[in-house]
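Features of the protein shown, as given by TrEMBL:
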type: DOMAIN; residues: 1-125; note: domain 'Dihydrodipicolinate reductase N-terminal'
type: BINDING; residues: G7, A8, A9, G10, R11, M12, D33, G98, T99, T100, A122, A123, N124, M125; note: NAD(+) binding site
type: BINDING; residues: R34; note: NADP(+) binding site
type: DOMAIN; residues: 128-265; note: domain 'Dihydrodipicolinate reductase C-terminal'
type: BINDING; residues: H157, G166, T167; note: (S)-2,3,4,5-tetrahydrodipicolinate binding site
type: ACT_SITE; residues: K160; note: active site, proton donor
Amino acid sequence: MNIGIVGAAGRMGQMLLAAVMATPGARIAGGVDRADHPDQGEDLGTLAGAAPTGLLLGSDLDALVTASDVVVDFTHPPATLLLVAPLVARHGKGYVVGTTGLGIPQHEALATAAQMVPVVQAANMSIGVNLLLGLVGRQAAATLGPEYDIEIVEMHHRHKVDAPSGTALALGEVAAAARGVSLDAMAVRSRDGEVGARPHGAIGFATLRGGDVVGDHTVIFAGDGERLELTHKASSRAVFVRGAVRAALWTKGRAPGLYGMRHVLGFV
Ligand code: NAD
């Protein structure tokens, strides 16, 4: 399986290069990054901290997609996705999207591509977080009614550019879905000053940034006289990378469609 990586010089991209090289049945098809990235022309093996491969970091998305069976995208801004999604659809290649901070245009582009090719999109590719999504939605929010206030707290490293994290929003989505409400209608994404009492049924978010925190998420169900807190802490990006490689291999021979990690991990 030839795996192409968009954002190959990034934190996730470099780890992905190393993980793909170490995975039986997987091969690096190529890696691209911004044309003005200082690592342009560097050997992809060297970037991954391994032996040289003869493949160099480039910036030609079309050539990368052509050479790949599946393309893995960990970039930002998510504008890159708007360029890659039509290319994978046109060339009939699988697409795995880990980039977060997606808006309506990105989700529309993925839905369009998913009519032609298998697309796996997940704001968090770790097994633990995907299990947490099920616990929060299907168990806790479905069992504890709106008299339990839901607050979602997340912390990430100082370089993260989007907030709240894609994972925090995904946790909010499953909680809202379990209550039969729309997250857009119920979300309180920040509070400052005289905000008044907490609206009934609101789903609140709090965002912390600092240091090298890989990713912490806690969902709090606060009732009268008791509080349930469900927490996931990622201590290594390796959990996301393993999930992304697994998702890339999973797309082989898969019917077109928009999939999540729960499909890849067999939670559905
Ligand atoms: P990073 O800044 O280290 O890497 C992003 C890379 O993308 C950079 O090298 C950048 O130059 C490159 N890039 C930007 N625009 C590009 C373009 N047009 N073409 C090619 N490359 C381009 O960031 P990171 O920590 O690797 O995270 C990348 C993304 O992955 C973020 O959105 C982050 O939130 C997300 N993420 C997702 C998961 C998950 O499990 N889904 C886990 C960790 C991070």
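Even glycines carry a Cβ here, placed using N, Cα and C.
Counting in whole angstrom, R34 (NADP(+) binding site) lies 23 from A122 (NAD(+) binding site) by their C-alpha atoms. Highlighted here are the binding-site residues (A9, N124, H157, T167) whose C-beta falls below 6 Å from ligand 1: A9, N124, in sequence order. Those same-chain residues not listed among H157, G166, T167 yet with C-beta within 8 angstroms of the centroid of the (S)-2,3,4,5-tetrahydrodipicolinate site C-beta atoms are T100, A123, N124, E154, H156, K160, D162, S165, A168, G215. Counting residues of the domain 'Dihydrodipicolinate reductase C-terminal' (128-265) by DSSP class, helix then strand then coil, yields 51 helix, 36 strand, 51 coil. Across the structure, D33 (NAD(+) binding site) and K160 (active site, proton donor) are spaced 18 Å apart at their Cα atoms. Candidates G7, A9, R11, T99, K160 (recorded positions) were compared with T167 ((S)-2,3,4,5-tetrahydrodipicolinate binding site); none lies inside 10 Å Cα-Cα.
Taking all protein chains in view, 20 other C-beta atoms sit within 10 angstroms of the C-beta of A9 (NAD(+) binding site).
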